[in-house]
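This report refers to the structure that appears directly beneath it.
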Amino acid sequence: MNLTAENHSIPLSDGNHIPLLGLGTYGDPQTTPKGTALECVKLAIDVGYRHFDGALVYFNEHEVGQAIREKIADGTVRRQDIFYCGKLWNTFHPPQLVRPALERTLKALKLDYVDLYVVELPMAFKPGAGFYPKDQAGNYIYHHTDLCATWEALEACKDAGLVKSLGVSNFNRRQLELLLNKPGLKHKPVSNQIECHPYFTQPKLLEFCRQNDIVIVGYCPIGSSRDASWVNVKCPPMLEDELLVSIGKKHNKSPAQVALRFNVQRGVAVIPKSFTPERIRHNFQIFDFSLTEEEMKAIEALNKDIRFVELDHPEYPFHEEY
């Protein structure tokens, strides 16, 4: 696979393409200053990023969309150069709510379509005005979900031209098979966004997805922040791993760049989140070196089946293994 800074896209099963390196745009709405996503996405486009991962529940799609539109207006990129992934949140699983949710994302972005739209989690919250419905005891209120019915509503959105490709997120094998084996399936999921990094390499799910022509998109590809409210801080800090450090020194690269290159080199797309200009630039510098077969195998052997994202956090309350 000859990957370059200018061209690092791989094909999806529906004929579209996804850049293997993207920018995650989540920022805590309570603490992230207004305009941060706008400036960082504009910078990222200038650096060379073309893939942006967002969601309605990040509360900043209007800024991401403005950044994309400004860089189109100044001639830096064309709309077809940009790959934007949005997400269907847990409160919008009922079929009649799917298209309105996607249209809210399109309205915020002020774009005619998104390139990829994924079911964020294979479970649902009670529909209503709030994204995180709770009962009087403070527990989340779950809701029955028929993933096949939700998927049919998504297929209609694709047929209407509102989205180019359809995917899922945090799905295990059983949930993927539910969709793949659905009678009358019109558009199969092209991607599955999951946590994936050297300490959580996901070998079984990766192999299953490869067999079914589903691209893995890895979140937390360089680990995560040490925010105890949603991160398992008992996890050892991956970027201090001796092997990643030593391989990095050999290539004159950082452990983060080695971790990103590892996944990209095995066909796993990565979406490191950063609102720090230096890190945004730094994370993009992974196309001027490659890892040897021995280095790839050594990094694969680091797998500890460790998750950084605690899936009992409100944004990730679901967890079931492969």
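If you go along the chain as it appears here, the first residue is 1 and each next one adds 1.
Cβ atoms are placed via backbone N, Cα and C, with glycine included.
What TrEMBL says about a protein is an automatic prediction, not a curated fact.
Note that this is a predicted model, so its numbers are computed, not measured.
Record features (TrEMBL):
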- Tyr58: active site, proton donor (ACT_SITE)
- His143: substrate binding site (BINDING)
- 21-303: domain 'NADP-dependent oxidoreductase' (DOMAIN)
- Lys87: site 'Lowers pKa of active site Tyr' (SITE)
For Tyr58 (active site, proton donor), list the number of other Cβ atoms lying within 10 Å of its Cβ atom.
22
Of Lys87, His143 (the recorded positions), the residue whose Cβ has the fewest other Cβ atoms within 10 Å:
His143
Where Lys87 (site 'Lowers pKa of active site Tyr') and the residue listed as 'active site, proton donor' are concerned, what is their Cα separation in Å, rounded?
10
Inter-residue Cα distance where the pair is His143 (substrate binding site) and the residue listed as 'active site, proton donor', in Å:
22
Taking all residues of the domain 'NADP-dependent oxidoreductase' (21-303) together, what is their mean pLDDT?
95
